[in-house]
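Swiss-Prot annotations:
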type    : residues                                                                                 : note
REGION  : 1-181                                                                                    : region 'Large ATPase domain (RuvB-L)'
BINDING : Leu20, Arg21, Gly62, Lys65, Thr66, Thr67, Glu128, Asp129, Phe130, Arg171, Tyr181, Arg218 : ATP binding site
BINDING : Thr66                                                                                    : Mg(2+) binding site
REGION  : 182-252                                                                                  : region 'Small ATPAse domain (RuvB-S)'
REGION  : 255-332                                                                                  : region 'Head domain (RuvB-H)'
BINDING : Arg291, Arg310, Arg312, Arg315                                                           : DNA binding site
Amino acid sequence: MSRILDNEIMGDEELVERTLRPQYLREYIGQDKVKDQLQIFIEAAKMRDEALDHVLLFGPPGLGKTTMAFVIANELGVNLKQTSGPVIEKAGDLVAILNELEPGDVLFIDEIHRLPMSVEEVLYSAMEDFYIDIMIGAGEGSRSVHLELPPFTLIGATTRAGMLSNPLRARFGITGHMEYYAHADLTEIVERTADIFEMEITHEAASELALRSRGTPRIANRLLKRVRDFAQIMGNGVIDDIITDKALTMLDVDHEGLDYVDQKILRTMIEMYSGGPVGLGTLSVNIAEERETVEDMYEPYLIQKGFIMRTRSGRVATAKAYEHLGYEYSEK
């Protein structure tokens, strides 16, 4: 069973996110630093009648990287071709996609860190000089074919920027770090979603829901759907702060946005290792989760909220973690 606080996409959420997707930067809530920079770069590219420099968007899942890619294409007034790293298995797959691009188009590659190296190497000349050299045939009859490409913009999205090779990363002229959303921005997103789907919600309820959504719009919208169910069955259909608190408590989402897995991580560190330091591998074994899952899905939010710290010796539970779970904390 999936966690309700999982920031990866679930079920019909892709369709829901397309419905909610803003079209232009002025409609995009949050990520102001990235938006402000992109606004300037896009306007400058349009004034020069050039393709926008290649863009790398990185950050945790669910923060709007795909949405931002579509917004960029809309702002430029061009078509967007969407694919993902795992789908492009060989160089020929990429060549077929590149051949379909029109001048100025946007090619969006999600999970770009998962591109095979053989495919990535084809991208280098395509990104830098808008051409590719490919080998046709095999053995003695093989020959090299030079293909010119129209100027285009590659937008790469990744949750693991550190896994990108240096040559690929260096070819992105624009980088945007997508960060967890501020409480006020997330509250506005919840209210916008409720309005689009004609849900009646109070501002206090939207604020409480945003507070417990881990700074992530995808999670906020998922929780909103579940709280709506509670409001229909246990109330009069109106989503207020009382029904929101009751629903999220029943869903094991506390006031800091932690669920049972997050709490299990913290309790394990405190009860079994006196708060740490404890190695990530050891911690993963104790909570029966993959090391990568802990590192990518759970740890970033716990660090961002100040519940754990990374040290040279391992992970350490903070005084805030002790206090939140009701343990007595003493300085080491």
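All residue numbers here begin at 1 and follow the chain in the order shown.
Cβ coordinates are placed from backbone N, Cα and C, and glycine is handled just like the others.
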- prompt: What is the three-state DSSP composition of the region 'Head domain (RuvB-H)' (255-332), stated as helix, strand and coil residue counts?
  reply: 42 helix, 9 strand, 27 coil
Task: Please list residues from the chain of Phe130 (ATP binding site) whose Cβ is under 8 angstroms from its Cβ, counting only those at least six apart in sequence.
output: Glu148, Leu149, Pro150, Pro151, Phe152
- request: Using DSSP with the three-state reduction, classify Thr66 (ATP binding site) as helix, strand or coil.
  value: helix
Statement: Taking only the CA atoms, the spacing between Arg291 (DNA binding site) and Glu128 (ATP binding site), expressed in whole angstrom, is 36
Under 8 Å by Cβ from Glu128 (ATP binding site), counting only residues of that chain that are 6 or more apart: Arg171
- line: For the region 'Small ATPAse domain (RuvB-S)' (182-252), the DSSP residue counts stand at 51 helix, 2 strand, 18 coil
Task: Using C-alpha atoms only, work out the spacing between Arg310 (DNA binding site) and Tyr181 (ATP binding site) and round it to an integer in Å.
output: 22
- line: Leu20 (ATP binding site) has its Cβ surrounded, within 10 angstroms, by a count of other Cβ atoms equal to 16
Message: Please identify which of Arg291, Arg310, Arg315 has the densest Cβ environment, defined as other Cβ atoms within 10 Å, among these binding-site residues.
response: Arg315
